[in-house]
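Student: As annotated by TrEMBL, domain 'Major facilitator superfamily (MFS) profile' applies to 33-476. The annotation transmembrane segment is assigned in TrEMBL to 24-46, 81-105, 112-129, 141-162, 174-194, 206-225, 290-312, 324-348, 355-375, 387-410, 422-445, 451-472.
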Amino acid sequence: MDKQDRQDDHKMNDSQKTPEKKQALTTCLFSAAFFGALGSSFLYGYNLSVVNAPASYIKEFYNKTWMERYGEPIPSETSTLLWSITVSIFAIGGLLGTLSVSLIIKVAGRKGTLLLNNCFAVTAALLLSLGEMSRSFEMLIIGRIVIGVNSGISLSVLPMYLGEISPKHIRGSIGQFNSILICLGVFTGQVLGLPELLGQESRWNYLFSFLAFPAVLQLCVLPFLPESPRYLLMEKKDEAGAEKAFQKFLGKTDVSQELEEVHAEARAQDNVNAVSVLQLLRSPAVRWQLITIIITMACYQLCGLNAIWYYTNGILREAGFAEHLLPYVTLSTGGIETLAAIFSGLVIERIGRRPLLIFGFSSMAVFFSLLTIFLNFQDRVSWMPYLSYSCILAVIAGFCSGPGGIPFILTGELFEQSYRPAAFMIAGTVNWLSNFAVGLLFPFIQEKLQSFAFLVFVAVCTLGSIYLCVVLPETKNKTFMDISQSFAKINKMPELSPGQEMELVLSIAPESEKAADVQNTEISL
């Protein structure tokens, strides 16, 4: 009898070592990733670039409205203030959206929050597109803060949803839909802003009407796709719903292994209910995960990509490009962004998150250094502006190959279910505050340091690369519980042995399986 038990145990261990068959990308999973990102991160990227083309027309609209109200031209200081508020209040809205995520997600879930978020997009589209007709620049400012709220919610909820619905072997590729659609949104804003399309005085308000289109598309598709199965099982205790969701996303009938994995994660946690931000900050079990996300998200904004647009048009003018050609040449920046993000999505499961992040920040540090040198020799050598512009494209490619999307993926991967909403709130807060800080401080840094201002970003990218190289473990093809265990040592928490992990899985096996095991034991006895 003992010999037979040992043989059975040996067979069970061998079956555990056998690599699981990797599931192909299903239509349901692709649709959830694409349409989820289309109505979320795409709009964020679009709003980063859409205000650039009609800037002069919007300022003229402000002046006309001021004249109609007060009978005199708008003072230059007031005009500058109104335009600065119009641009920068987007980040304030993003912060407000981020802070509201944990409250909304408890009630509506992951998918429900994405659907509700479209209300903000449609409302913003109406305010921004009808502001000129209503002779109200206040509508444009309110519209910008409303679409900022939409983006703040999107950048927190979408990566969470994508990470929870994806099998571990393609979780990174699915997560990169967020980055790809951001870049595609930026590129779309650049294209539609061309003078031949909507970048004209009589058409600029249609640039904002377009905001409703992706939102409506998402509203038409996402209701027919499942909710996050992890959310259904761990927070709603809906095992039947979770099983159906897994079956649709994975395209197979037997999802017992996936259900057991989620059960094991729930058993390993002290509390399966969502924790608060304060509880997350106090928890020693996730201390280094939290530090890693804060540093990575801060580097995401402080690495200098937003500031690089300041120099782009000036470098192109120095290179001899005519003023009317600049909008078309700068399309190359949006194109490079999109291609680099797609490349990252294709290779992330082969190369891994950690190498792509380290390579991205390191390459940015190198090309920022070269850009500083080239800018200082730009007036002396006729072909130097071309090298400067090449460095700009290389910086953009380096950013989008890793740092442009992986921080959002990591935020979902480094934390187990109960910590995830609070972690995204903290990461989003760091993201939007850093964005606001760059917009506020970079003009002063540039005024003092001139072209040497990029050396600040060299330091940020270098320090970020060193930290990630030392602290961050690789997370590709790992379960959320495996990733948490990777931080156990540095967090000074006890690690689970393989036997303990197996006990967790077995202890939460479905009741039918337990009953079958008991019956088999009785027969053998």
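Heads up, the Cβ atoms here are built off N, Cα and C, so glycines get one too.
TrEMBL annotations: computationally assigned, not manually curated.
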Student: Give residue numbers and ranges for long-range contacts of the transmembrane segment (355-375): same chain, 6 or more residues beyond its ends, CB-CB under 8 A.
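Tutor: 296, 299, 303-305, 311, 315, 344, 347-348, 384, 387-388, 391-392, 394-395, 397-399, 401-404, 406-407, 451-452, 454-455, 457-458, 461-462, 464-465, 468-469, 472.
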Student: Where does the mean pLDDT land for the domain 'Major facilitator superfamily (MFS) profile' (33-476)?
Tutor: 88
Student: Looking at the stretches 24-46, 112-129, 324-348, 422-445, which one shares the most CB pairs under 8 Å with the transmembrane segment (387-410)?
Tutor: 324-348
Student: Does the transmembrane segment (451-472) reach the transmembrane segment (290-312), going by 3 or more CB pairs under 8 Å (6 or more apart in sequence)?
Tutor: yes
Student: At a C-beta cut-off of under 8 Å, are there same-chain residues at least 6 beyond the transmembrane segment (112-129) that contact it? List them, or none.
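Tutor: Sequence-remote neighbours of the transmembrane segment (112-129) are 36, 39-40, 43, 97, 101, 104-105, 139-140, 142-144, 146-147, 149-150, 153-154, 157-158, 161, 205-206, 208-212, 214-216, 218-219, 222-223, 227.
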Student: Are there residues at least 6 beyond the ends of the transmembrane segment (290-312) whose Cβ is under 8 Å from a Cβ of it, and what are they?
Tutor: 280-281, 330, 333, 357, 361, 364, 368, 375, 388-389, 392, 395-396, 399, 403-404, 407, 410-411, 414, 423, 426-427, 430-431, 434-435, 437-439, 442, 446, 453-454, 456-457, 460-461, 463-464, 467-468, 471-472
Student: With the transmembrane segment (206-225) as the reference, which stretch in 24-46, 81-105, 324-348, 422-445 has the largest tally of C-beta pairs below 8 Å?
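Tutor: By the under-8 Å Cβ criterion, the transmembrane segment (206-225) pairs most with 24-46.
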Student: Could you check whether the transmembrane segment (174-194) and the transmembrane segment (24-46) come into contact, where contact means at least 3 Cβ pairs under 8 Å with the two residues of each pair 6 or more apart in sequence?
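Tutor: Between the transmembrane segment (174-194) and the transmembrane segment (24-46), contact is present.
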Student: In the same chain, which residue numbers or ranges, 6 or more beyond the ends of the transmembrane segment (324-348), come under 8 angstroms Cβ to Cβ?
Tutor: 49, 53, 172-173, 176-177, 179-180, 182-184, 186-187, 189-191, 193-195, 199, 312-313, 316-317, 356, 392-393, 396-402, 404-406, 476
Student: With Cβ-Cβ distances below 8 Å as the criterion, list the same-chain residues six or more beyond the ends of the transmembrane segment (81-105) that contact it, or say none.
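Tutor: Beyond its ends, the transmembrane segment (81-105) has Cβ neighbours at 47, 51, 55, 58-59, 62, 74, 113, 116, 120, 137, 140-141, 144-157, 160, 274, 276-277, 421-422, 424-425, 428-429, 431-433, 435-436, 439-440.
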